[in-house]
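Novice: Okay, handing you the structure first.
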Amino acid sequence: MTQLFYDTDADLSLLNNKTIAIIGYGSQGHAHALNLKDSGMDVIVGLYKGSKSESKAISDGLKVFSVSEACEKADWIMILLPDEFQKDVYLKEIEPNLKEGKILSFAHGFNIRFGLIKPPSFVDVVMIAPKGPGHTVRWEYQNGQGVPALFAVEQDSSGSARSLAMAYAKGIGGTRAGILETNFKEETETDLFGEQAVLCGGLSELVKSGFETLVEAGYQPELAYFECLHEVKLIVDLMVKGGLSQMRDSISNTAEYGDYVSGKRLINSDTKKEMQKILKDIQDGTFAKNFVEECDKDKPLMTKLREENSKHEIEKVGKSLRSMFSWLK
């Protein structure tokens, strides 16, 4: 059984007398910065000139500097920028300010795993990745709880990188819930696979195909939306709370029987083979290469696909129906 680590396993005092620079102040950035600040740490924020987040960070009681200035002042640098922007910002603003003894950290391993960022040997390189969105990380911390997190060490120059990563995880509230040790390779590959094969790519296409099948068979689009998209959350919430078994305990016998006899007709050995191909593209760097090239061209394919998908009938129907649900407003 994989070992989990909690508050008593991590020493927050290791962060004393260290200035922590949070680079970026979006969903994760604001949560990391404020949780660390409330844990008694010296936190500053690094943003590009003219960032819309600057006024928010200042109103939250944080000192804001340019990315370069923040990295120069900091002992610990946490990069919380979108994957496609990290390399350029690192080369121009962060790398010139790295000195022996500093800690470079990430919340996702993409740029390290695929060699886009290559830190010098004299810094620690670690990862602390909460398994939840930033607003949840902040909310849970404020309520005396925490969001589980992953932590990893890629490079241990100081000899204390593992303990430091665990201390940071404690500072943002992760050890209240439990933290799990991994490595950059494992975190990156599993995260990308989950997004592509199940959570985003797989689920989106499953929902659309189900909707299309019903509409093409003559059923009302509104009913197709309810059955194939709206109710997804009801089932997923049950799965998250108690696993597949509890979900099946909570649905009707008719639904459970249909689950067993029809699910495998859709998700079968051929589907799994395709999943394995997706995983291979992630492992051998094909996906990363294609994504980087797409971003270098200013995302023409992604923009085209985004526009096409936004025009799908399910989006039009959903926009109308969501106004019926007061809790979604």
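The first residue you see is number 1, and the count goes up from there.
Note: Cβ is positioned from N, Cα and C throughout, glycine not excepted.
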Novice: Of the candidates G134, G144, G146, which does Swiss-Prot annotate as part of the NADP(+) site that also includes Y25, G26, S27, Q28, S51, S53, D83, E84, F85, Q86?
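Specialist: That NADP(+) site, as Swiss-Prot gives it, pairs Y25, G26, S27, Q28, S51, S53, D83, E84, F85, Q86 with G134.
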Novice: Given the model, what does the mean pLDDT over the domain 'KARI C-terminal knotted' (183-328) come out as?
Specialist: 97
Novice: Should E195 (Mg(2+) 1 binding site) be counted as helix, strand, or coil on the basis of DSSP?
Specialist: helix
Novice: Residue counts in helix (H, G, I), strand (E, B) and coil for the domain 'KARI C-terminal knotted' (183-328), per DSSP?
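Specialist: Final tally across the stretch: 127 helix, 0 strand, 19 coil.
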Novice: Of the binding-site residues listed here (S27, F85, D191, E195, S252), which is spatially closest to E231 (Mg(2+) 2 binding site) when Cα positions are compared?
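Specialist: Nearest in space to E231 (Mg(2+) 2 binding site), counting only the binding-site residues, is S252.
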Novice: Between the Cα atoms of F85 (NADP(+) binding site) and E195 (Mg(2+) 1 binding site), what distance do you get, rounded to the nearest Å?
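Specialist: F85 (NADP(+) binding site) and E195 (Mg(2+) 1 binding site) have their Cα atoms 19 Å apart.
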